[in-house]
Each structure stands twice: as C-alpha cells, then as structure tokens.
Amino acid sequence: MIPQKMQTPLAAAFVVCVIIIGAFVSEESQDNTRENRAVSLFGLALLLFCLWITSKNRKKIVWRTVIVGMLVQFVIAIFVLRTTVGYDIFHFISQRATDLLGFASLGTQFLTTPDAAKIKWFLANVVPAIIFFVSLVQLLYYVGFIQWFVVKFASFFFWAMRVSGAEAVVAAASPFIGQGESIMLIRPFINYLTMAEIHQVMCSGFATIAGSVLIAYVGIGVNPQALISSCVMSIPASLAVSKMRYPETEETLTAGRVVVPEDDEHKAKNALHAFATGAWLGLKIGSMIAATLLCIISLIGLINGLLTWWGRYLTIEGPDLTLELILGYLCYPIAFLLGVPRTGDLYKVAQLIGLKLIANEFVAYTALQQDPNYADLSPRSRLIATYALCGFANIGSLGNQIGVLAQLAPSRIGDVSQVALSAMLTGALSTFTSASIAGLLVTDQQQFFKPKDMAMGMNSTMAI
C-alpha cells in the first residue's frame, strides 16, 4: 500500500516517465529530430511552470486534476499520432466531416447552379456547410442525442479529474457545439458558479473551436485529423491548466453530479421546428463569421498601410513595417518553445500565432492555407501551427464570452469580467500544450499533409 503523501509525487513521476519515453524512443524522421522533440518537451514544462508560478493559490492546486489531465491529453495524442488504429479512426471521423461539405453543396446547387458549388468561394462553400451543420446539431439536441453524448463524455472527466459537474459538462461540450452553446447547457447553475468554475467554463471555450467552424476550416483545406484530435485533447488540457491557474477554494453546487438540465423555455415544439431554428441560427453564425472576417481583414489591411507609411517616413530599413512583422517578433519565443524547427519557419509560425491572438484563428488558418508566404512550411511546422491555432482565445471571443454570460447571469458580470482575461490567456496556453505534445510525438508528419491536401488549401481563394 502506497502512503497517501507519496501518491501524488509518484503519479507525477510516472507521467513524466511516460512522456519522456513516449517522446524519445521512436526513431527520427525528417525535421522531427530528438533535438526538436527536446525543445517541445522543454516548452511544455515551461508552460506548466508559468501556470504554477502565476497561480491564484498554489497551495490549493489539486495535483490529481493536473496529472490526470496531462496524462489523458498525452495518451490521446499517442493514440492519434503514433498508432495506426488511432490514425484510422480519426481519419474516418475527418472524412465524415468532409462529407458534410458535400451534402451542404447539394443545397447550394439547388439555390444557384451546379457550377456554383465548384467555385472556391467562402460564401459558396463554407457558409452553407456551417448552416447545415448547426441545423443538424439542433435536430440532434431535440432528440436528446447531444445531451446523452455530452453527459457520457463528461462523466469520465468528472470521475477521473475530480472536477464539478458543471465544469465537466462545459469542457466536454465546447469542442462539439461551441463556447456560447456549451454554457447554455448549464444555464440554471450559472448564478451559483464559483469564481474558479467561471474561470474554467470560460477557459474551456477559449481552448478549443466549435464543430461549426471546424467544418469551415476543413472547407479551406486545414487538415481535419489534426483539428479533431486537438479539439478532443483540449478537454483534459483546459481542465488541467485552469485548475493550476485558478484552483477551487469554494464549495461547488454541482460537486458529485453530472447533469444537463432540461430547458423547457427554449425547447423546440417538434423536430421540424428544431431543424428550422437551427437553420436560422446557422445563418446568423455563418453571416457573423463572414462579416467579422471582412471587417478584421480590412482592419488589418488598414493597420498595415498605416504602419508601412510610418516605417517609410522614419526610413526604417528592411521589409515594410506591418502588423505581421511585429507579431512575428513578439510571438517568436512561443513558436520556439512549441518545437518549430529553428529555420525560417520559426518566424512564420510566430506570425500566425500572433494573428490568431490579435485577430482570430480564422484569419490565421486562412493565411496558413492560402498565403504563398507559408506555402514552404515544413510538415512538422505546419502540424504544430495547426494545433497551436486551434482555439478561440482571441480578443474578439473575449467580448463574445463576456456578453453571453452577462445575458445569462447579469448579477455575475463583475465576477465574469474579473477572470475573463486570465481565462483567455489560460485557454491559449492550453492550446499551446497540445501543440507542444504534437511536436513531441509526431513521427511521420507527412501523412497528415499529403501534397493533394496542401494543394487544395493553397488553390482555394477566399472571397467574401
């Protein structure tokens, strides 16, 4: 029998050994050398250290939550990146996600012409897929499948990581239905959430993306296996890192139970009503994404124009002064710590991370897939970038989350605002831990980026 005071140190040592052995026993391939893996491992350790040193209350950290969370995240990554079965399963799921684009194109062809679906336009290919996916989710929610799936999924993390039921539900739901919709699942409990729970709920939303935008990213050529695996890895990662940054110090209302309450006020009358409501919601989401992208890309162009003029006025030598140039230098250490090869790729991946944090991940993914400046990224760099960008942690989403919670619980707006920035940064760090682990484990990264897939992303043009 192991003494209780020794259980946590031994568990931590076991996880460290598993990570080190899993990372370094495999043979080297291309730019995925043991040296690069060592940098990813160092970056992962430094990210966790930063969370610990900035913790709200280091004495209250429940190390079981952190240890189990990191272990589960690592096991998922091994399953996807190192095993044939795992790769095949996630490849199958990603193919079904890609098929959704094809079903949505049938509606586009009916409303326009058969040739319209072949045009690589954002409005013609991606927005219809978002509308169809949201409608499908609303239909599945009406029949009870979403609630059943989320509760089953959340129960494991609730049992394994000792988090509250509300935290487990939101963390498990966020990758599938999004940050705003996942919070709606615990609407009756929002007024009674502790500060740590509010931080965790928001962190889970920032640490991943939603199923609707995942479909959109697949539509512009982003690798679906990396996206889906990153979303699943974000569940234990967000729980672990949030509980390091903001440990629980109060009594939680949903401790000991995982439940998704019935929402009779907003429940659809029948399946057709649910599907039609989903279509309207999907239209609003698709339109919001298109309008946001139009405004953000235009704003970045304006900022770049002003910065370039200012740089030339000051006779700054070298490349034109742009937002991407500045962000590349600011985020250079992050790209290095994630294990990006120490070549020209470091600066390019740093630029993408900066774009993601300042603008949003859609702008960054579009640049990754369509900007010729990123066409020569190595497979390892492209894979790490795909993982690092896979989250809603940006300034725009910060406002969205505060707005949603303010509408659902007006009395808690002060508490929400107090932890919001911390939750966003912690969500970004959660995403970076997944990128570091991907850098640790990937061996045959070329299988994730076949030439035809990369060509599809580069040849598609975004028109709004």
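Just so it is clear, glycine is given a Cβ too, placed from its N, Cα and C backbone atoms.
What TrEMBL records for 42-113 is domain 'Concentrative nucleoside transporter N-terminal'. What TrEMBL lists as domain 'Nucleoside transporter/FeoB GTPase Gate' is 124-221. The domain 'Concentrative nucleoside transporter C-terminal' feature in TrEMBL is assigned to 227-439. Here TrEMBL flags 6-26, 38-55, 61-81, 126-150, 156-177, 198-220, 288-309, 321-340, 384-408, 420-442 as transmembrane segment.
Packing against the transmembrane segment (288-309) from elsewhere in the chain are residues 122-123, 127, 130, 213, 216, 320-324, 326, 359-360, 362-363, 366, 396, 462, 464: each is 6 or more residues past its ends and has a CB under 8 Å from a CB in it.
Panel annotation: around the transmembrane segment (420-442), residues 19, 22-23, 32, 36-37, 39-41, 43-44, 47-48, 50-51, 70, 73-74, 77-78, 81-82, 198-200, 202-208, 226, 230, 233-234, 237-238, 240-242, 245-246, 334, 337-340, 357, 380, 383-385, 387-394, 397-398, 401-402, 448 of the same chain, lying at least six beyond its termini, place a Cβ under 8 Å from a Cβ of the stretch. Across the domain 'Concentrative nucleoside transporter N-terminal' (42-113), DSSP helix (H, G, I), strand (E, B) and coil residues number 63 helix, 0 strand, 9 coil. Mean pLDDT, taken over the domain 'Concentrative nucleoside transporter C-terminal' (227-439), works out to 88 on the 0 to 100 scale.
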